[in-house]
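**Q** Below you will find the structure I want to go over with you.
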Amino acid sequence: MKIGFIGIGNMASAIIEGISDKKSVYISSSTPESTLEKAKTLGVNATKSNRDLVEQVDIIILCVKPEMLESVSSEIKDLVGNKVCVSIAAKKTIKDLENYLGLVPIIRVMPNLNATIKQSTSAITRNERVTEENYELVKSIFSNVGEVFEVEEKLFSAFIGIAGSSPAFIFKFIDALMNQAVEEGMDFNEALAITVSAVKGSADFLQQSSNTAQELVVKVCSPGGTTIEGVQSLDNNNFNEIVNEAVAATIKKDKLG
Ligand SMILES: NC(=O)c1ccc[n+]([C@@H]2O[C@H](COP(=O)([O-])OP(=O)(O)OC[C@H]3O[C@@H](n4cnc5c(N)ncnc54)[C@H](OP(=O)(O)O)[C@@H]3O)[C@@H](O)[C@H]2O)c1
């Protein structure tokens, strides 16, 4: 199977890094010059144009910015035939893609920033024209750069709230968490390393536990202990409501398109 990528920015480069058989990868960027340069860096095949790419490959992965998707689609539409088109663009639905490309096999994937370190949390969905074999193949491409969850398209906005955008929320939480230790005199980098280790360990603990996050909060808090003081402070300051509102705002924005 030949896999083609159109738009070779941060995301496409990260996904290509995860593919071991680089000979199967073809790329097309905004100009032939940048395509050649990027192909050299990534160790993959360059093509002359987006149309040339579509003629050569079996699967087309569209990695351009959402606002470029319509024009790139109209450029390649007559060559797509029954080839699978994959889009990773935020806000563009399968219906949008069908409007741009026609009734062809379409897969929509939403990776996140962590793909760049092969720890993406990605959502995947498809239209009814995609065969099981092609769906599994595309899933495996994204599994190489992290975990892939099958999510109904109507829940993609919710997914973006808790996985697409959440790295920024978690970075903010880490920043807030470590600040007080720095105030107490701890070196910034030491506080960062300690906080990241605690966040990572807690996420792994939760993943391996049969308890919910809420149940673990109760387990960690011994009566009269130190942790309960902090948890009560979070509750008194409406921590849950603040985070809920942030996720809701993200979901609302995504739904607006
Ligand atoms: N970054 C993320 O964390 C993230 C997460 C989930 C989904 N996504 C989605 O992934 C897609 C790509 O995001 P990105 O962050 O990788 O963007 P990016 O770094 O800006 O990459 C987009 C690439 O497309 C190229 N391009 C522009 N016009 C083109 C054309 N007509 N034909 C071929 N290539 C063209 C650009 O080349 P020039 O630079 O030369 O213009 C650029 O290299 C977006 O749709 C975004 O919604 C991104």
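Glycine too: its Cβ is placed from the backbone N, Cα and C atoms.
Automatic, uncurated: that is what TrEMBL annotation is.
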**Q** Determine which of S20, S24, S29 appears in TrEMBL for the same NADP(+) site as I6, G7, I8, G9, N10, M11.
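**A** Same NADP(+) site in TrEMBL: S29.
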**Q** Quick one: which of these binding-site residues, I8, G9, N10, M11, S29, have their CA within 10 A of N50 (NADPH binding site)?
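**A** Correct set: S29.
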**Q** Considering all pairs of residues in I6, G7, I8, G9, N10, M11, S29, annotated in the record as contacting NADP(+), what is the maximal C-alpha distance expressed in whole angstrom?
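**A** Greatest Cα separation within the listed binding residues comes to 13 Å.
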**Q** What are the other residues, in sequence order, whose C-beta lies within 8 angstroms of the center of the C-beta atoms of I6, G7, I8, G9, N10, M11, S29 at the NADP(+) site?
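**A** Close Cβ neighbours, site residues excluded: F5, A12, S13, C63, V64.
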**Q** Which site among I6, I8, M11 has the most other CB atoms no more than 10 Å from its CB, taking these as binding-site residues?
**A** I6
